[in-house]
Amino acid sequence: MCATDNAPAANAAPEKPSNVGVEVGHTGEQTNPYGANPADFLSNVSKFQLIESTLREGEQFASAFFDTETKIEIAKALDDFGVDYIELTSPAASEQSRSDCEAICKLGLKAKILTHIRCHMDDARLAVSTGVDGVDVVIGTSQFLRQYSHGKDMNYIAQSAVEVIEFVKSHGIEIRFSSEDSFRSDLVDLLNIYRTVDKIGVNRVGIADTVGCANPRQVYELVRTLKSVVSCDIECHFHNDTGCAIANAYTALEAGANLIDVSVLGIGERNGITSLGGLMARMIAADRDYVLSKYKLHKLRDLENLVADAVQVNIPFNNPITGFCAFTHKAGIHAKAILANPSTYEILNPADFGLTRYIHFANRLTGWNAIKSRVDQLNLHLTDAQCKDVTAKIKKLGDVRSLNIDDVDSIIREFHADVTSTPTVAATEGPAVEDEPAAKKAKTEE
């Protein structure tokens with residue numbers, strides 16, 4: 001794609017890189033030698049499901065306020081994208097939350113609708129009355145939460161869990177039981193409560209890294225251990241306080257978890273949870289065919305823009321997939337390789353997401369291969385040697401100031417005009433060669 005004529009300077013900010021780049025085609029199939037080990041029979045990297053929590057966890061984001069119309073718009077967009085479950089705020093949170101839950105349940109979406117409640121019978125009764133497809137029950141199990149939050153011991157937690165689970169099951173809908181603050185809970189307590197709820201028939205149990213303290217190794221060990229204790233599915237919820245949410249989610253799937261909680265842009269309490277787009281990037285690198293068959297990835301940018309507008313934030317420049325430079329290549333060495341085969345410096349194919357890649361050539365780091373590509377786009381003809389010469393001019397100006405695409409195009413066109421207007425003299429045409437004695441005489445007279 002040719003860059004626009006009214007492009008800003010190359011260092012101007014956060015606009016789509018289409019203003020400063022060259023689109024190039026994708027050649028060759030993406031391959032990843034570091035994908036999931038096919039011999040690992042416990043891995044669910046190629047058969048995971050998403051519980052999308054923008055309308056529950058995302059409502060806990062500091063600047064979030066979703067009115068009913070916005071919630072419905074987001075729910076429809078998530079459903080169109082292809083998420084398996086949509087999780088909603090507890091109807092016990094407020095009267096409007098209950099009304100919104102009922103409204104979304106009536107939309108007839110393909111995704112199953114869940115609501116997230118405390119492990120309490122009052123909440124359970126209210127939840128099943130809204131028409132949801134499932135209920136996600138949670139209660140804190142760490143010493144911190146047992147002492148400073150709800151004040152209950154593990155016996156009380158187990159009894160409450162059994163009562164709520166049996167009630168929800170009696171209404172014929174799905175039920176998940178999750179511990180809160182799982183990674184700071186006593187392992188014996190944790191496994192005992194999971195074993196108890198598994199025996200009475202929960203659809204899945206949940207592990208929650210509520211404070212974002214877990215690392216991938218801890219996640220792998222806990223999920224593997226839990227896998228040997230329960231027969232139901234395992235769902236995982238990871239906060240991003242220490243930057244491990246995406247890595248932890250992927251590791252959980254490798255260890256045998258079945259479902260991951262995500263939100264658009266990762267919005268949620270504090271700095272949020274595993275982001276939908278970030279996890280899509282990680283998963284498509286592991287199993288492209290599965291992800292492409294399941295999710296409408298070309299809808300991701302619009303989905304993120306919708307939520308970003310709703311919570312009044314900008315999409316981060318380094319956001320996986322949709323960050324404004326996610327598929328922009330600047331260094332000359334990179335550009336040369338990308339022009340030959342995009343897989344040299346890309347593990348993701350932008351076309352899978354309805355996006356394009358760009359070669360950012362308006363800078364002093366550019367290489368002559370990138371400039372030659374731009375020359376071709378301008379329908380001009382320069383030899384390789386001439387492309388190298390004009391690249392040197394561009395680099396020289398780039399050492400003085402920031403460049404934009406108009407600067408580069410102007411240099412290229414002026415250079416092209418100069419070389420095409422200068423008569424080309426054949427070496428075999430003797431009369432056109434300057435007379436050597438006369439030339440020496442002229443220099444002597446100077």
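Don't overthink the numbers, they just go from 1 along the chain as shown.
Backbone N, Cα and C define each Cβ position, glycine as well.
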- Task: According to Swiss-Prot, Arg56, Arg176, Thr210 bind 2-oxoglutarate; so which of His116, His298, His329 is the extra one listed there?
- Result: His116
- Query: To which of Glu57, Glu59 does Swiss-Prot also attribute binding of Mg(2+) at the site defined by His237, His239?
  - Reply: Glu57
- Taking the centroid of the Cβ atoms of Arg56, His116, Arg176, Thr210 as the 2-oxoglutarate site, which other residues of that chain lie with their Cβ within 8 Å of it, listed in sequence order? Ser53, Glu57, Glu87, Asp136, Val138, Ser178, Gly206, Ala208, His237, Asp261
- Measuring CA to CA, name the entry from the binding-site residues Glu57, His237, His239 that ends up nearest Arg176 (2-oxoglutarate binding site). His237
- Glu57 (Mg(2+) binding site) to His116 (2-oxoglutarate binding site) - Cα separation in whole Å: 9
- Query: Near His116 (2-oxoglutarate binding site), how many other Cβ atoms are within 10 Å of its Cβ?
  - Reply: 24
- For the Mg(2+) site given as Glu57, His237, His239, which other residues of the same chain have their Cβ within 8 Å of the site's Cβ centre? Ser53, Ala208, Asp209, Thr210, Phe238, Asp261, Ser263, Gly268, Glu269, Gly272, Ile273, Thr274
